[in-house]
Amino acid sequence: MSTANVRVIVRVRPKSLRELSKSAEDLLSVDSHNKTVTITPPKHGLKHSRHKNRVNGPRTFAFDECFAPSAPESKNLSGQEDVYESTGPLLVKSILEGFNSCFITYGQKGTGKTYSVVGLRGQPGIIPHISESIFEEIDKLKKKSPNTTITVSISLAEIIEETPYDLLQPNVNSSHTPGETVFVQKDSLTGYHLHGLSEFEVGSAQEIDAFLRLAAKNIRTELSDISGVRKGHSVFSLVVQQRIIDPKTRHSLKKASRLQIIDLASFSKGSQRNESISSFESSSNNKSLSVLNRVIAALTSKKNDVLIPYKDSVLTTLLQDALGGNCRTIMLTCVSPCDFDDTFSALRYSEAARRIKNISNINCKEAYSTNNEGELDDILTTLESDREQLRRHEEHSQKLLKFIEEIRNDYEERIHALESQNSALKAHLRLAVDAYLNPLEFNFDDKNVKLKEFGSPNIAYKQELNSFQGELSSLFKDLKLVKSQLHDYPKPEVSDIDMDMESLRHDSLLD
């Protein structure tokens with residue numbers, strides 16, 4: 001067990017061509033010896049700054065390492081090699097010892113986060129350097145301990161709008177389907193990770209590079225905001241499993257450790273959106289970055305009853321070990337030398353993150369005899385898999401039962417409505433058929449109204465017509481005027497009614 005704070009490194013990018021052309025003011029001063037960065041308010045003041053009530057003058061922040069902008073002509077300024085030397089060896093050593101490790105990049109758009117992680121041709125970043133170093137160290141361990149078996153596997157993902165996407169799945173860009181199986185899960189040895197991703201065993205740095213190229217093609221670049229800022233967080237996960245066999249006792253010890261390199265999504269400049277809203281603190285721009293800042297603030301708060309909002313986003317759920325858990329963590333904060341608001345916020349949160357304490361342990365299983373170890377591992381793996389499948393089946397069953405109940409209620413309502421319509425149509429049909437088979441004719445030759453019936457008598461109609469005999473006499477004159485209309489009134493066709501009923505039955509099958 002070891003206790004250590006999150007290690008925070010700040011890297012200042014050089015001025016951009018646009019900043020140089022505008023002679024933008026340099027607001028940062030880097031003291032690499034004392035490991036501090038001082039930010040000075042711009043000459044035009046802080047009238048429109050969101051930090052105007054927080055800053056009165058130059059402010060100095062202390063970190064574990066500080067790198068000034070790199071320049072080819074100066075050997076004193078940092079480059080990719082310097083950044084790796086201050087981070088990579090510690091990560092490689094930790095993961096091979098069995099400790100979980102995490103490397104996080106943090107900062108605004110265009111400050112060099114992805115460049116620091118991946119690099120360019122001839123200027124490799126953290127991942128290519130670590131890939132080379134880790135296999136070199138594995139070769140040394142195998143030569144030193146021939147009875148040690150070591151495997152390395154990797155996975156790559158991108159978290160976009162609270163949804164993890166597998167970057168090593170074929171055709172991921174065309175389907176745009178995240179897959180229901182990818183979610184954050186805690187493993188008994190390697191801690192919180194994205195479960196359900198494609199995981200591939202690799203044997204060299206070249207193989208890792210090939211998978212990185214595949215992932216780069218699958219990154220969903222269309223999901224970015226209007227300023228071109230990519231909303232996704234890239235997650236590179238490397239798992240090292242070691243099986244160390246004691247040649248005397250034939251007992252073995254299994255170690256498992258996970259290195260996660262997380263390139264956080266960029267946040268756009270506050271001045272390009274709304275100067276009164278912080279690009280760090282506004283959840284409307286990127287919910288997960290906002291939650292991350294709240295987690296950092298809660299972990300470093302002096303209050304004891306503060307709730308840590310890990311569960312408020314997928315990103316912070318994944319980072320539970322990295323921030324305050326079983327992990328050795330390094331944060332690389334990349335900042336701009338000319339932007340006051342976002343640079344000040346980045347430095348402020350990064351200095352706070354440096355106070356977060358992690359307690360890390362070597363991840364190992366109890367030793368078993370090699371004769372039984374494989375069988376026990378298989379049983380444990382099967383049980384874990386069965387438990388997970390049972391949990392997912394229960395969730396699916398609940399959703400299915402709810403869906404079936406909704407469908408049942410909907411169809412009961414439809415059946416009731418159709419039965420009502422059917423009863424009305426039957427009544428209509430009976431009246432129409434009866435009127436067709438038993439037509440009535442009134443003889444108005446004299447003043448006494450007489451009823452003539454054709455066909456077989458209908459007793460019900462007789463009784464009803466007799467009750468209205470007096471009224472019919474008083475309406476003699478009116479009925480005489482419409483006599484001709486009664487003779488011309490069309491008789492309902494039974495075939496037409498049958499057709500309407502059949503049409504209604506077919507319509508109900510489509511529901």
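Backbone N, Cα and C atoms are what each Cβ position is placed from, and that goes for glycine too.
Within the same chain, residues at least 6 positions away in sequence whose Cβ sits under 8 Å from that of GLY110 (ATP binding site) are ARG13, SER16, SER266, SER336. Swiss-Prot lists GLY107, GLN108, LYS109, GLY110, THR111, GLY112, LYS113, THR114 with the feature ATP binding site, giving sequence analysis as the kind of evidence.
The coiled coil annotation in Swiss-Prot covers 373-489 and rests on sequence analysis.
Across all of the domain 'Kinesin motor' (5-356), the predicted model scores a mean pLDDT of 85. Look at Swiss-Prot and you will find 5-356 tagged as domain 'Kinesin motor', backed by sequence analysis.
According to Swiss-Prot, the feature phosphoserine maps to SER278 (among others), an assignment based on experimental evidence.
The phosphoserine feature in Swiss-Prot is assigned to SER279 (among others).
As annotated by Swiss-Prot, phosphoserine applies to SER284 (among others), with the evidence given as experimental evidence.
The phosphoserine feature in Swiss-Prot is assigned to SER456 (among others); the stated evidence is experimental evidence.
Classification of GLY112 (ATP binding site) by DSSP places it in coil, neither helical nor stranded. Around LYS113 (ATP binding site), the same-chain residues six or more apart in sequence whose CB sits under 8 Å from its CB are THR105, TYR106, GLY107, ASP263, LEU264, SER266, LEU332, CYS334, listed in sequence order.
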